[in-house]
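> Pulled the feature table from Swiss-Prot, pasting it below:
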type     : residues : note
TOPO_DOM : 1-78     : topological domain 'Extracellular'
TRANSMEM : 79-99    : transmembrane segment
TOPO_DOM : 100-119  : topological domain 'Cytoplasmic'
TRANSMEM : 120-140  : transmembrane segment
TOPO_DOM : 141-147  : topological domain 'Extracellular'
TRANSMEM : 148-168  : transmembrane segment
TOPO_DOM : 169-176  : topological domain 'Cytoplasmic'
TRANSMEM : 177-197  : transmembrane segment
TOPO_DOM : 198-208  : topological domain 'Extracellular'
TRANSMEM : 209-229  : transmembrane segment
TOPO_DOM : 230-241  : topological domain 'Cytoplasmic'
TRANSMEM : 242-262  : transmembrane segment
TOPO_DOM : 263-326  : topological domain 'Extracellular'
TRANSMEM : 327-347  : transmembrane segment
TOPO_DOM : 348-359  : topological domain 'Cytoplasmic'
TRANSMEM : 360-380  : transmembrane segment
TOPO_DOM : 381-387  : topological domain 'Extracellular'
TRANSMEM : 388-408  : transmembrane segment
TOPO_DOM : 409-416  : topological domain 'Cytoplasmic'
TRANSMEM : 417-437  : transmembrane segment
TOPO_DOM : 438-482  : topological domain 'Extracellular'
TRANSMEM : 483-503  : transmembrane segment
TOPO_DOM : 504-542  : topological domain 'Cytoplasmic'
Amino acid sequence: MSVQKEEYDIVEKAQLSVSAESLTSDSESISHNPFDDFHKAERWRKVYESSGYEGLSKFDPEFTWTKDEEKKLVRKMDLKIFLWVFIMFAFLDLIRKNIARAVSDNFIVDLKMNTNDYNLGQTVYLVIFLASELPGNLLSKRFGPERVIPVQIVLWSVICITQAGLKNRGQFIATRCLLGMVQGGFIPDNILYLSYYYTGAELTFRLSFFWCAIPLFQILGSLLASGIIEMRGIHNLAGWQYLFIIEGFLSLSVGVASFYLMRRGPTQTGESAFHKGKSLFTEYEEKIMVNRILRDDPSKGDMSNRQPVTFKEILYTLTEFDLWPLFIQGITAFISLQTVGSYLSLILKSLNYSTFLSNILAIPGQALLLINLPLAALLSRKLKEKSLCVGIANVWVLPFIVSLVALPTDTNPWIKYILLTGILGLPYTHSILAGWVSEISNSVRSRTVGTALYNMSAQVGAIIASNMYRNDDKPYYTRGNKILLGFTCFNICMAVATKFYYISRNKYKDRKWNSMTKEEQINYLDTTKDKGMKRLDYRFIH
């Protein structure tokens, strides 16, 4: 075997390790080029050819561009790609959370239900949402997010509007089931869609703004609801009925526009679901997009954006046990936030606040969340630290939960409100976890399935949260708060344990790799059937 070949493979190993262990800056792809070696570039070219990768014609290992050109391009992508994804996600959250505002207007009483019936409806929604996550994501991978996502938005908007006609418990549960079915898969669809355009570090940071839509539109939703609900009595309709109708039609307009505004991919930005037109980017910009993405993660070209994921590949991803610590945190990390967020209006009503105040008083907590969410992501990015930054959320929540448990039931309602607001305003690190899963997946297949499985784990947490406060525990939910305290302590320990787990996995791989001779290392790189994060030359970021 030639010296050149040996040098190439050893360099490849080093480059893969470096790329896996560090969070790159937005412009690092300019200086870091894993395709500098001709043999490695040709190996990857063959991978891209066999996969039918749509960006192959733009792949150029020798292509160069300036930092200013890349920064300008990223800003343009933010405006033309990310902004609309943000808007679509905002309306997902507006529609799926408007039920929490509807209950402040006697929704439960009007349908002759109780808290447990409401819990059941929320649980059904979340279970169906969870079950639809992976199928929805696989449909998007097969037919394209620019087609599937707009259809989802239109369907959930129609269902939202029909909720204005609800009369009883059975109809309520049926519409929650339908809503969960059409909304499932939307979030991992969009994460995968954004991964076509952004590097790993860029994606994680932008996902923090992606999830800023939650507090931002909860604030807007609360303001909107406080006004709409005052329409109760007009044409003999309840305020919550007007809420579903108005917000449903607003969402419907976004769904229709999405058919025209979502694009097929970086080299196909002239193609939407309904037409082919002028590309959003120049040929030169498309070439930068393709090469910067592949240099950040060469595996992003190992599947085309229409290539389906097989059942065998799904099972393979399920055996990627190194993703499981992140899935576990996806389940438990935000149960406190999800519980308090779902029940805040009911809790405030039970504390004798008016319907109007119950909606308005939700705003400070959401505003605090809106501030803390990007700050947590920025801290993670600056420190190049994921595990411990994820743990910050529950360190923040701990004193508020302890106080809720310790204070007597006759404590001033305003003090309880402040504690609940503190929980709602936690540094929401969901974006760090979601981006982390995408970043360490190390293949399009694992990324497609892994992001869906992570979001499914988050829905399991939401199911737990929707049943945390029970009818026999109100109005103070003392038992529920004690359970939340237990979850909070577990989450802090889990964040630290995850870091040590990945450190130990990297040390194990180092020992295995360093025990090989150079010839054995070269042979491994040429012949191994290990994929993704199971490869010995792959290192975990933590």
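Any Cβ shown, glycine's included, is placed from N, Cα and C.
Describe the structural context of these features.
Residues of the same chain lying 6 or more positions beyond the ends of the topological domain 'Cytoplasmic' (100-119) and with a Cβ under 8 Å from any Cβ of it are 166-169, 171-172, 221-222, 225, 229, 232, 238-240, 243-244, 341-346, 348-349, 355, 358-359, 466-467, 469-471, 474.
Broken down with DSSP, the topological domain 'Extracellular' (141-147) shows 6 helix, 0 strand, 1 coil.
Long-range Cβ contacts of the topological domain 'Cytoplasmic' (169-176) within its own chain (Cβ-Cβ under 8 Å, at least 6 residues beyond either end) map to 99, 111-113, 117, 120-122, 124-125, 128, 159, 162-163.
Panel annotation: around the transmembrane segment (209-229), residues 82, 85-87, 89-91, 93-94, 97-98, 101-102, 104-105, 190, 194, 239-240, 242-243, 246-247, 341, 355-356, 359-360, 362-363, 366-367, 369-370, 373-374, 428, 430-431 of the same chain, lying at least six beyond its termini, place a Cβ under 8 Å from a Cβ of the stretch.
For the topological domain 'Cytoplasmic' (230-241), the list of distant contacts is 102-103, 105-107, 110, 164-165, 356: same-chain residues at least six beyond its ends, Cβ to Cβ under 8 Å.
Here the transmembrane segment (242-262) has long-range neighbours at 84, 87-88, 91, 94-95, 98, 101-102, 105, 145-146, 149-154, 156-161, 163-164, 193, 221, 224-225, 228-229, 231-232, 234, 272-275, meaning same-chain residues at least 6 beyond its ends whose C-beta is under 8 angstroms from one of its own.
Mapped onto DSSP classes, the topological domain 'Cytoplasmic' (348-359) shows 8 helix, 0 strand, 4 coil.
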> Run the contact check on the transmembrane segment (148-168) against the transmembrane segment (79-99): 3 or more C-beta pairs under 8 Å, excluding pairs closer than 6 in sequence.
yes
> Taking the transmembrane segment (417-437) as the first stretch and the transmembrane segment (483-503) as the second, find out whether 3 or more Cβ pairs fall under 8 Å, excluding pairs closer than 6 in sequence.
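Counting Cβ pairs under 8 Å, fewer than 3, so no.
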> What mean pLDDT does the predicted model reach across the topological domain 'Cytoplasmic' (169-176)?
93
> Grab the same-chain neighbours of the topological domain 'Extracellular' (438-482) for me: Cβ-Cβ under 8 Å, and only residues 6 or more beyond its ends, written as numbers and ranges.
20, 114-116, 119, 122-123, 126-127, 129-130, 133-134, 136-138, 141, 185, 187-188, 191-192, 195, 200-201, 203-204, 297, 299-300, 302-303, 309, 313-314, 316-318, 320, 322-323, 326-328, 330-335, 338-339, 342-343, 346-347, 350-351, 401, 404-405, 409, 430, 531-533, 535, 538, 540-541
> By Cβ distance under 8 Å, which residues at least 6 away from the ends of the transmembrane segment (360-380) in the same chain are close to it?
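Hits for the transmembrane segment (360-380): 204-205, 207-209, 211-212, 214-216, 218-219, 222-223, 226, 344-345, 348, 353, 386, 389-390, 392-393, 396, 417, 420-429, 431-432.
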